[in-house]
Each structure stands twice: as structure tokens, then as C-alpha cells.
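Trainee: Got a structure here, written out as C-alpha cells. Questions coming.
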Amino acid sequence: MSDTPDPVVERRAPEAVAQFDHRHRSTLDRVQHFLHQYPTMVPVIVLVLSLIAFGLISPNFFSAFNLSLVLQQVAVVGTLAAAQSLVILTAGIDLSVGAVMVLISVVMGQLAVNFGVPVPIAILAGLACGAATGALNGWLVTRLKLPPFITTLGTWNIFLALNYYLSGRETIRSQTLDTDAPLLKFFGTRFEVGGAVLTYGVILMVVVFAVLYYALYKTAWGRRVYAVGDDPESAALAGIQTKRVLMSVYVVAGVICGLAAWSSIGRVGSISPTSFFEANLESITAVVIGGISLFGGRGSILGPLIGALIVGVFNSGLRLAGVDVLWQLFATGWLIILAVAIDQWIRKVSS
Amino acid sequence: MTEPLLSARNLVKRYGRVTAMDHADFDLYPGEILAVIGDNGAGKSSLIKAISGAVKPDEGEIRLDGKPVSFASTLDARKMGIETVYQTLALSPALSISDNMFMGREIRKPGFLGTWLGMLDKTAMDDFARAKLTELGLMTIQNINQPVETLSGGQRQGVAVARAAAFGSRVIILDEPTAALGVKESRRVLDLIQDVRSRGIPIVLISHNMPHVFEVADRIHIHRLGKRLCVIDPKAHSMSDAVSYMTGAKVPEGLAA
């Protein structure tokens, strides 16, 4: 066994190159590898196909106006999905994002309207409140080591109760906001670009995703978020302070929920403590359809943006085709299952 | 006689009523490959964890270059040039080779982008990673940005060793580097170990594989019942001697009570 080893380099080269020979693969294998390399291609393909299909079914679908309407409709849930993506990338899940968003919109509204706090300060207080809710979730997950699912199931109820308490279950009406705190409705402001009608809320969503893209791919923090989600033990051994990374993720997610809250006030026009009850699950839907793995560490941050658009396109397309609303749910349900099945299949590449 | 580069005296670590280390000693000399062997439960891992910073001993002293040191975490040990390749490799499978090599010590771009926006210098990191892999003869890995999970077991081990070699300026600790590998891949890793040693960096090799230990080690530290039983010269002892000492079937000369 201990024959004298000849120079290392020459001996290794030919064999190892053969291991990377990709030529003898079936088409299916190649598709699998391609998707493994570019996981966002799945939602992109689904989005393109659904655009084509609905465009063929109903001629009105492809108007700039209708497509921009889809963007307006997904802006709030899309922004929320950005927060959800961060948590899911760490192999967690945040069931409280929707409740946090509504709670913060109530905080902003109450401070500005009923307590006479200057609106910019009310908004900052709302964002700080988002950071605090995130810090609570993060503290429970990292310090008490509770599973994120249960932690956020608990805080969801807590935040919902706080929301009812602070709002007194009263809606702050649109007219009141117009006179007392118009800045809260800023993200509902519409503007027109060549037939398309967009809101600043749409811009906010795109900017949030762009900033997250930068943070996740171009900074050390982002690489660490992926590493912690991928394999927390390995990340810790490699010198990552995993708790600190997790904590930062929950706090950033909380702040993004705060931005979504501000955006939601503009979208709805009023501040209702009972609005967006399904936003939690809708944000998870967008993330899953967007190809981010629920097991953490895999998927592109741009996926959930596309995922949110897919849901929006399905809703709009089916409505224009005159199909009953229930089939939107039906279709979304199958999309979720399909997305998770594809994720499982792609992950097998590694074994 | 040269001074040991890294040494430990009277390390004690208790977990409840279990004593994992019972006044254990350890010495690593410059430029050597020191194998650490011992039966399961002999306390090898605790010893290794203590000198790599993963565990803080209850008692005892660790010296690096003759100066007492204390590690609060593996990060501390790493800052002092002690790198560990864990049995699990501690690689993130979905991340690229380059990302993995720099995990926890990424290079930022100079100037505004790096300082204020935290932008990573991917080019510099890729170049460095490529250079290190080439140095160790691992450049058959063609794409530095391919995810680690697409590599074979031996190649992954190679990346982990390259990472340790790239940053471990003083000591490299390898925990069971060949345990999960086939014959051919083990061969390469052993070559790699000798390659690293030839650069003058001493290596601590923890292994159950006697042929591997006897092939590469300069000295063999035998751990038994939580402490160092003896250190033997692989040229003067046989593998069966080592196994007998390890299991207590035989007592090394000079220690017989």
C-alpha cells in the first residue's frame, strides 16, 4: 500500500476530469442539472407559459393596463414575500408576517391620526416596531431554540391580539387619512407610463427585491444567510456566528413587513385591523412557487417576486376568462404542490 | 531539543459525571505529522476540540509557541493560525467552492463599495481559491463557482483541506480525513497531507485507520482513558503494538507499574 507516490498533480488530472464529463447524460438529467444550476428558471417558465396561455384565451389580458393592474395587486403580498423569503432561506418559516404588517399599519395610523404624532415619525416608529417584532421572533428562535414554525404561530396570535387592542377594532377611514396623514397613503399614489398605471407601492416592491438581491449575493452577510440555511452546523464550524445571522434575518424581515404595512395603507386606502388576514399564507405561496426551498439555503431571491406575479397573473387571467374565483384557489394549490415536487426533484441532483 | 509549537498540560474536561479528559497532555513539534489514535470514547475528540477552540477545558493549560493561550471559540483558534478540518468537513453543499473557502472571512472590495456597501471582491476570492487549489494539485476542479455538492467525496475533502491550508499558518488539525473515502480517494488525501507538511505546517491527524497512520505519521500519540498514554515512533513499533496499547491489552515499556 505504501508505494512511493509520484507527483500529485500529474496523477490526479486525467481521472478527475473524467468525473466532470457531462456528455453521457439523458435529456431529463440535463434538464435536472440545468434547473439545479438556475432554480429560478422554473417560476420564469411557468410565468411565461401562463402569460401566453391567458393572452390567447382573453385578448384584453395583454393590455398594458391589465398587466400593470396585476403588478398593483401583488405589490403588498410581493413585498411581504421578500420578508418571508429571508426567513425561509434560513430553513425557517414566518407565520407572523401578515399579522406584523397589519399591526404596524395600525401603529402608524394610530400614532399619526389619534395621537397627533408627526407622520414621518409615526412611520419611523412603525418600522422600528417591525424591527422589534422581528427581534422577538429571532430571540425566541435563537435563544430559546424554539422551532420557527411554532414560534411564529404563537407570535402571529399575539400580534393579532395587539392589533385588535391598539385599533379598538376600528377602521381608520380613507378621508381621515387624507386630511390628517396623507403621507401614509404615499405608496398608493398612481402614475402612468405609456398606458400602464403603476403605484409607488410597485416601485417599493421592486426596490426591496433589488436591495435584497444585492445583500444576498454581493455581501458577506448574504453568503452567511445561505450557509446558515443550507447547513447550520457546518456554518458554525466554519466560523459563522449562526445565531447572530438568524437574528439579523428576523429583524430585517420585520422591517420589510413595516415597509409592506406602509405600502398596504396606500393600496387599501384605509387602515383596517381585519384586512390581509390571508397575507401570511399568500406570502409563503409566492416564496414556494418562486422556487425557494423550504429546507433552506437554496433558491434565488428573485424567485418569490416571480412567484407573486404568477399568482397575480392566474387571478387576473382566470377572472378575465370569466372563470369562477374558486378555480383560482384550485390552480394556486396545484402550483404550490408542483413547485415543491420540482424542488425535491432538483435536490436529488446532489446525491 | 526543539520546543513544541503547540502543547497542552493537564487538560481536564468533565461532562456531568463523565470525565472526558483526565489530565491529558499533548505536544506538537514544528513540521511534523502527529497522529492521535485511541479507542472510541478515549477522549480524542475532547482533546482535539480543546486545542481547536471548540471546547473550553475545565482545567489545564494550552501553549502556542510557549505562550499560554485561551480559546473562547474556534474563531479564536483560527485567528492564531490553527485550522481544523472536521470529519463532517463543515462545507455548505449548495454554495460554491469559492464561497466555502472564504466562509466567515470574506474579502471585501476596497474603497466605498466594500467599506460602506459591504460589496465582496469575488474576483479576488475566486483567484485566491483557484491558486490554493492549484497549489495542492486539485485544479482538476474546473469551475471554482460550482456548488460543493457536485464534487466527489475526495474532492470535497480536498476543498476542506485546501481551505485549512490556505488559512492555517501554524497548525492544521485533520479529523478522520479518510473515514468516508474509498481507497483511491484516501490515497489522494494522504498525498495532500504530505504536500501540506512539505510546506512546513505541522499536522495533527486523528484517524482510526492504522495503515494510514503508520504511513504518514512522524510520531503517534496514543490516547487512553482520557489521557495521553504514550507517544510512539511508528518506525520502532508495529501496528499491533499500537492497537494493544490503545486497547490496554499491552502496557508500553517504561509505563509498566
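Placement of Cβ uses the backbone N, Cα and C atoms for every residue, glycine included.
In case it's useful when we look at the structure, here is the feature table from TrEMBL:
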TRANSMEM  A:38-57  transmembrane segment
TRANSMEM  A:95-113  transmembrane segment
TRANSMEM  A:120-140  transmembrane segment
TRANSMEM  A:146-166  transmembrane segment
TRANSMEM  A:193-216  transmembrane segment
TRANSMEM  A:245-265  transmembrane segment
TRANSMEM  A:286-314  transmembrane segment
TRANSMEM  A:326-346  transmembrane segment
Trainee: Under 8 Å, at least 3 Cβ pairs, sequence separation 6 or more: does that hold for the transmembrane segment (A:245-265) versus the transmembrane segment (A:193-216)?
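Mentor: Result for the transmembrane segment (A:245-265) with the transmembrane segment (A:193-216) is yes.
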Trainee: Let me spell it out: take the transmembrane segment (A:146-166), skip the flanking residues so only those 6+ beyond its ends count, and list any with a Cβ under 8 Å from a Cβ in it.
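Mentor: For the transmembrane segment (A:146-166), the nonlocal Cβ contacts are 87, 92-96, 98-100, 102-103, 106-107, 110, 133, 136-137, 140, 273, 280.
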Trainee: Do the transmembrane segment (A:286-314) and the transmembrane segment (A:95-113) come close, with at least three CB pairs under 8 A (pairs 6 or more apart in sequence)?
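Mentor: No, the transmembrane segment (A:286-314) and the transmembrane segment (A:95-113) are not in contact.
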Trainee: Please give the sequence-distant neighbours of the transmembrane segment (A:95-113): residues at least 6 beyond its ends with Cβ less than 8 Å from one of its Cβ atoms.
Mentor: 76, 80, 83-84, 119, 121-123, 125-127, 129-130, 133-134, 137, 149, 152-153, 155-157, 159-160, 162-163, 166-167, 172, 176-177, 180-181, 184, 253-254, 257-258, 260-262, 264-265, 271, 273, 275-283
